[in-house]
Structures are given as C-alpha cells and as structure tokens.
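> My structure is below; once you've seen it, I'll send some questions.
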Amino acid sequence: MPQSRTHSRTATKHIFVSGGVASSLGKGLTASSLGQLLTARGMRVTMQKLDPYLNVDPGTMNPFQHGEVFVTDDGAETDLDVGHYERFLDRDLSGQANVTTGQVYSTVIAKERRGEYLGDTVQVIPHITDEIKSRILAMSGPDLQGHQPDVVITEIGGTVGDIESQPFLEAARQVRHDVGRDNVFFLHVSLVPYLAPSGELKTKPTQHSVAALRNIGIQPDALILRCDREVPPALKNKIALMCDVDVDGCISTPDAPSIYDIPKVLHSEGLDAYVVRQLGLPFRDVDWTVWGNLLERVHQPRETVRIALVGKYVDLPDAYLSVTEALRAGGFANRSKVEISWVPSDACETEAGAQAALGDVDGVLIPGGFGIRGIEGKLGAIRYARHRKIPLLGLCLGLQCVVIEAARSVGLDDANSAEFEPETTHPVISTMADQEDVIAGEADLGGTMRLGAYPAVLTKGSVVARAYGSEEVSERHRHRYEVNNAYRDRIAKSGLRFSGTSPDGHLVEFVEYPADQHPFFVATQAHPELKSRPTRPHPLFAAFVDAALKHKLEERLPVDVHGEERAAVATDDELADSADRDEVASVDSAG
C-alpha cells in the first residue's frame, strides 16, 4: 500500500504560467508583473523560462525569428523574457533561469552515454521529465547570497496543445505531486477574442484551452483573460463555471497603456491577493513607493526627446528589446519620454540618406549586431552625428563602427573589421585570440563568444567615468572581436580617446570624444542595456538621454525680451562653410 505524502506549507512555493489559444499573449509580462507584485509584498521571488525549442540556447538563432538574446552575468545566452524578469524583479538571474529542450536532451543523452541509467531504456517519461523537474526544483535552492526564494515563478513556453510543450507540462504536473498541491499554483493565460460583426466576446477558445490542459492532468487555479477590452462580470461567471475556476481567479486583463501598468491591472483584479491566499503566503500590503514613482515618470513626462536607433534588424523591434527598454528608462531618469525612430542602417550610407533619416533626431544610438550588411550605413550615421554634434551612444558593434569611422577620418581609408573584410590592410578591429579557432570553423559557434560580466577600469575625469560616478565598473558582454591595439596611437590622432579598458589594459572597453570636442559621443564594447532597470536606469543611458535633451534645447529658437525671435542657428555663410567641411570629410573618410 503506497504511503501518504505530507508536505510543508512553509516550503518554497511554485507558480507555473502556461498559455493557450495563441502565442504572444503576454505570458512573460504577466509572470513578470506577478513577480513584481509579490516582491512588493516583501517576498523573495525568482523566475524561470522553459523553452520548448531544440536549440541548446538562442545564441545562434536568427534575430528576426527569436528576437534579442539576453545575456546573464554568468554568461548564459537566454530568452528575452529573462530580461523582463530581471527588469520587473530588479534582481540578477543566472543561466538556470532559462531551460530549453535542447539542454534537457543533451544532458539526458550525455548521461546515457556515461552509463548513468544503468542499462534502462531512456524515455521521455521518466528520464526527460525527471531532468526537467530537477531544473525546476533547483530554482528553489539558495542563491549566491545564501537566500532561499519564497516563490519560484516558472513560465512554460509555447501554447497548450503544442507537441513540443508536452514534456514540460507533464513535468510541472509531477512537481505539484512531488511538493504538494498546497505549494503549487497554476496560472493559465488565454485569449478571449472580440468578434466585431456580432459584437460579442467569445469564451469557447478559453474553454477548449482549459480542457486541453485538464486532459494532461492540470487544473488551472486562475485564468488571465486577455482581451482588447474589459471582460464583464457575467462572462467571468460563465468562464468560472465552465472551466471550474473560482470567480476570484478569473482575471480580466485588457491592453494596458504601458507594460509598466500591468502590475496595477493585475492588482486591481486581485490576482496577487488571490495567489497569496491560495498558497498560504504571509499577507502584506503592496508597497507601491518605488513602482508608483516609476508610473508617475512614465505617464507625466516633462519633455519628449527623439532618439534614432540605427540598426540592422529594425523590422523586428524585439531584436533590440533591452536597448529600447534601457532608452525609455534613461528617459524616466530625466523625467522625459523617449520616442524611438527606427532607422534601417542601410538608409544612412550616403550623406543625403543620413540627413533624411537623422535630421530631426536629438540623439543617435548604434546597437550591436553581426555581419557586414548595413555596416556602411552605421558608419554614415556615426559620421553624421560626429560632424553635427548630435549625442551618440554605441553598443558592442557600435563601438567597433565608431573606431572604424575614426580610423578612416585620419587617413586609414580602408580601415575595417576582420569580421567584415578579413583581407583588409588595416584591421582596426581584429579577432580575439581565443576566438580564432571558431572563426576558422574548428570549434563550435554556439556558446563560445566572450560572454557574461567582465570588469573595466575607466579613465579619471572621462565622460564615461563621470556618467558612472565611478572608475571601476562591470558590464555584460557578447562578442568575438576587439579593437586592434596596434592601431590605438594612430586612431587617437582623430581625437578619439580610449577611456576604459579591461583591468590589464589590453582590451578596449570604452571610447569617447572629449567633452570639448563633442557634447556626448560614447561607445562601449559591452551591452549595458542588459543591466538597466526601469526603477534603476543605467547611468550611460541616463547620461545619453540627458545629452539628447540638452541638444534639443539648444536647437530651439530663444525669444528676447521684446518678443522677437533671435536666430540661434548659424548664418548662411557659416552653414555653407560647414557643408564644405563635411563634404571634404565625407570624401576623405569614404576612401
């Protein structure tokens, strides 16, 4: 006779977030917002994403298919939802926060090859599901500081019914059995579509989605009803009855004004209080001090600033998700709204193209990327911003392009990166020594870049040191190429300063033009956007947006005491002289 199981109500609680009917309903933001609410109630929350694709990680996936790759401090290449988790929880997560089918199968097959299964026939159940469970339960262990989480929120990627998601859902069902029903909460995100011709909200898709979930042994405790409008009480009652969920657990979530309003929406519907009651968590009121201040800055900006994001993947904004969130957070730091102008880098290859694309912006951001496509356009945008004193921030590839443009401006006409032109006579950007076997095709491409957090030392009094308020910083990285130190002296003749390096001085981490040459022209080999939080904006982005605001204010026409406008722009002769200088510089740097 099997023994009865007893479970402690004080154990770490597990919340599983699944999705149904359609993808892109906002499971990640829902999970992040619930995590934020529980954190604001004084609980220690950690989060995890289970991705059903067979890739080991998203590091080699096409940005147009997957969006950005979010890098953690420990060097894991993870799903972009992990970025949402870090931003909403305001805490760093490890590579454990992202589990893929590829990782699970790789581990299980490796164990089989080592003979760890003692001759068993290896199957999806129990071997694959056991490996998934071990990774879920590992999140409930102490963190690096020795703190055990009160709650683990696990988002299950895909939708119910996907064949790829079934092992993860089965593992989640087994976790409930293993740790006790009182310690597990299932939250299901479903679509309630509105049919305009009939003027009705339809509940059948949600009913079918919940039925599919129940077929595999999971009864949801609460439903997130996604719709473009409020779900009326009568419909909530119907869904509660047909899906066997408490009415208090039917949460209407219409589209919010901003993603930062989602916690307020969930709280107003009582989701966090319902979860606390169901899991027996200690009840504390939500402390809105920090998040309320954020919402005030989101909805009551004093200024608006326009930033051009000159990128290669602008057709899919998710490819730059952390960059755009960091820009917006930089705006919050300055009580300003950042409007992003999405500029395909190809559009800036010519002076006329750059003028058309960048003529009305207050700042230019050059993000990371790979490959030669669009590089000349990035160089054109950099040249345009340098000549016209428009604030610029370069990230990763952005730094490399800034260095190439500076080198070309001092006579190294064919200066280039070994990534784009392996045979260039002036490889001002070269392959890192430990990456040469990868470039030669003699090692794996995935997971082999310089990944994770690395320290840097900043030059005292530099623009970046003033922005950070420190001369020692740590930032996350993801790259294979570096500034070629053999060209540092020649590049410095352009006025560009190498204002931050690795502690040993070998690897260039930051470059800038001094403040007396340009109001703000900074680039970094790192990805500082990955450490920005809406409630704690990254200092580089805050300084960049501040410079863009000052640039905007300087462009305005002041009014004298008699009410007459005084021209705050150059005279026609001065503009003509400037255009001549720009044309000469453009021809000189184009080679």
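Numbering starts at 1 and runs along the chain as it is shown here.
From the backbone N, Cα and C atoms, a Cβ is placed for every residue, glycine too.
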> May I ask you to indicate which of 424-447, 520-543, 544-567, 568-591 is given in Swiss-Prot as region 'Disordered'?
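In Swiss-Prot, residues 568-591 carry the label region 'Disordered'.
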> Out of Arg302, Arg306, Arg480, which is the one Swiss-Prot records at the L-glutamine site of Gly369, Leu397, Gly398, Leu399, Gln400, Glu419?
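Swiss-Prot lists Gly369, Leu397, Gly398, Leu399, Gln400, Glu419 binding L-glutamine, and from Arg302, Arg306, Arg480 it also lists Arg480.
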> Record says Ser24, Leu25, Gly26, Lys27, Gly28, Leu29 bind ATP. Source is Swiss-Prot. Which of Asp79, Asp81, Asp90, Asp92 does it list for that same site?
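Among Asp79, Asp81, Asp90, Asp92, only Asp81 appears alongside Ser24, Leu25, Gly26, Lys27, Gly28, Leu29 as ATP-binding in Swiss-Prot.
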> To which of the recorded positions Asp81, Glu155, Glu419, Glu529 does the lowest count of other Cβ atoms within 10 Å belong?
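Glu419, out of the recorded positions Asp81, Glu155, Glu419, Glu529, has the fewest neighbouring Cβ atoms within 10 Å.
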> Tell me the Cα distance separating Lys238 (CTP binding site) from Gln207 (UTP binding site), rounded to the nearest angstrom.
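So the alpha carbons of Gln207 (UTP binding site) and Lys238 (CTP binding site) sit roughly 10 Å from each other.
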> At a 10 Å cut-off from the C-beta of Lys27 (ATP binding site), count the other C-beta atoms across all protein chains.
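Around Lys27 (ATP binding site), other Cβ atoms within 10 Å: 25.
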> Rounded to whole angstrom, what's the largest C-alpha distance between any two of Ser23, Asp162, Ile163, Glu164, Lys202, Thr203, Lys204, Pro205, Thr206, Gln207, Lys238, listed as binding CTP?
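Between the most distant Cα atoms of the CTP site, 31 Å.
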> May I ask for the distance between Cys396 (active site, nucleophile) and His527 (active site), taken between their Cα atoms and rounded to an integer number of Å?
6
> Please report the Cα separation of His527 (active site) and Thr206 (CTP binding site) in Å, rounded to an integer.
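Thr206 (CTP binding site) has its Cα 40 Å from the Cα of His527 (active site).
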